[in-house]
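The active site, proton acceptor feature in TrEMBL is assigned to 188. Marked as NAD(+) binding site by TrEMBL: 11, 12, 13, 14, 15, 16, 17, 42, 105, 129, 130, 131. The substrate binding site annotation in TrEMBL covers 92, 98, 131, 163. Feature annotation from TrEMBL assigns domain 'Lactate/malate dehydrogenase N-terminal' to 6-152. Annotation source TrEMBL lists domain 'Lactate/malate dehydrogenase C-terminal' at 157-329.
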């Protein structure tokens, strides 16, 4: 029998968590032969909701779901886990300044970083979904340092990556399977740079670069980028709710590929600690194109990609924003003495 993987989802009573847990439980993320032990964490006020989610998962009668438990404190949540989906975060409320949001999330992700260090396995792999995801991941990694290496922390830009794939497919009249190697550079925010310079599209059996396939440079450097950057806000405007379904699917894609590896000749977007590649400051949690070795489950930043002046400007802007967020978050740690 394959030993079960112990998988934590924080914020599991929320919309995104609710959509994630079924995919983990039914084998979509880790495979149909891999049993999982699901651990659902949320604040004590959500204990009844969590219990309802547990009941639903039990009622799904899934062969891959070895066990499921609902918890409201960190020791029980983080003990012995193999993977963590850190979804729960303080949302930005009306009238809240960015520094206030960062300060609130610093407390959450410092605490969770320390819990990872104290209770989790040193091999635990972590995706941060809760926004501001890149900076939250930076803080969690900082406080887990010494136990869990920084390379085991990531933030989700796979939703933006998937949005870019979808927009290219729609524009070229192809399907998602025909498009590969789009890149999201930088922050999961309005400064992110969806880049198709190195993407390809297979149209009518012929693979060509994305710019040739689209045939509209102004679109790719204007409306396409804006659509990907602003898609979440548009969905909130339309649904009056956040894009929970697509965010959950993207988080599961991210971890699936980290667990199994990327396909030959393809890369995906992950926000990971910079090693200095492309001039990005070392340690900054920045979205890069990566490949993942399925045997070692180690990611590597794709090297040797070239940039024109347009791309350089976009990457500089998102880098600047992330440096400011990092500095604000570190200052919040100092100010609050946490």
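Easy rule for this one: first residue shown is 1, then count along the chain.
Quick reminder: no glycine exception, Cβ is built from N, Cα and C everywhere.
Keep in mind that what you see is a predicted model, and the values were worked out from it rather than measured.
Counted over all residue pairs in 11, 12, 13, 14, 15, 16, 17, 42, 105, 129, 130, 131, the record's binders of NAD(+), the longest Cα to Cα distance measures 19 angstrom. Of all the binding-site residues listed here (15, 105, 131), it is 15 whose C-beta has the fewest other C-beta atoms within 10 angstroms. Ranking the recorded positions 92, 163, 188 by how many other Cβ atoms lie within 10 angstroms of each Cβ puts 92 at the bottom. The number of other Cβ atoms within 10 Å of the Cβ belonging to residue 130 (NAD(+) binding site), over all protein chains shown, comes to 24. Confidence annotation: the domain 'Lactate/malate dehydrogenase N-terminal' (6-152) carries a mean pLDDT of 95 in the model. When DSSP labels each residue, the domain 'Lactate/malate dehydrogenase N-terminal' (6-152) comes out as 69 helix, 26 strand, 52 coil, counted as helix, strand and coil in that order. Residue density at residue 11 (NAD(+) binding site): 23 other Cβ atoms are found within 10 A of its Cβ, drawing on all protein chains shown. Residue density at residue 17 (NAD(+) binding site): 26 other Cβ atoms are found within 10 A of its Cβ, drawing on all protein chains shown. For residue 188 (active site, proton acceptor), the nearest of the binding-site residues 13, 17, 92, 130 in terms of C-alpha separation is 130. Cα of residue 13 (NAD(+) binding site) to Cα of residue 163 (substrate binding site): a distance of 25 Å. Put simply, 105 is the one of the binding-site residues 11, 15, 17, 105 whose Cα lies nearest to the Cα of residue 131 (substrate binding site).
On the backbone, the CA of residue 11 (NAD(+) binding site) and the CA of residue 92 (substrate binding site) stand 15 Å apart.
In this structure the alpha carbons, written CA, of residue 92 (substrate binding site) and residue 105 (NAD(+) binding site) are 10 Å apart.
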